[in-house]
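Report on the following structure.
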Amino acid sequence: MKYLGLALISAVFLIGACQAETPSQKCEEKYKGNTDKISCLHHCKYQYYGFIDVNYNIAQSEIRKFSNVLMDYGVVDKSKKRELKKVMHECAKQVKKEARKDSHWLNCRTSINYYRCVLTSKLIGPQRFDKAIQDYDKTISV
């Protein structure tokens, strides 16, 4: 009888943990079958990761979070932190400028363009980048 409460609480947490999804799973489920919005898949995941905000903005806090993940997962050496943040700031400015030029404001395409810009930097290797994002994705429950 003493352990009944503990067993029930443990069961509730176990059930909750089993039902938890990663951002990738959640976003893929959200956009499954919706070909018009499939371009928003990256934005959905990056929003859960904290790399881009709900309104497609890429501010200092989002850049800090993204750069920390890339350094923590070994994509970029920590000694190149300043260079990485500079690249990310430049990419953020570039995608905002492109959005204004194309007579649309920030949208899902902005997220994809930002991702591409950061990924094509000489500091980042695509294979390490993808693995780091996949590994980071597994650490988040939605």
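Heads up, the Cβ atoms here are built off N, Cα and C, so glycines get one too.
Swiss-Prot has this to say about the protein:
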- 1-20: signal peptide (SIGNAL)
- C27-C44: disulfide bond (DISULFID)
- C40-C108: disulfide bond (DISULFID)
- C91-C117: disulfide bond (DISULFID)
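Residue environment of C27 (disulfide bond) contains 22 other Cβ atoms, counted within 10 Å of its Cβ in all protein chains. When the disulfide-bonded residues C27, C91, C117 are screened for a Cα within 10 A of the Cα of C108 (disulfide bond), none qualifies. Residues within less than 8 Å, Cβ to Cβ, of C117 (disulfide bond) and separated from it by at least 6 positions along the same chain comprise E90, C91, Q94, V95. Summary: among the disulfide-bonded residues (C40, C44, C91, C108), the fewest other C-beta atoms within 10 A of the C-beta are counted at C108.
You'll find the Cα of C27 (disulfide bond) roughly 9 Å from the Cα of C40 (disulfide bond).
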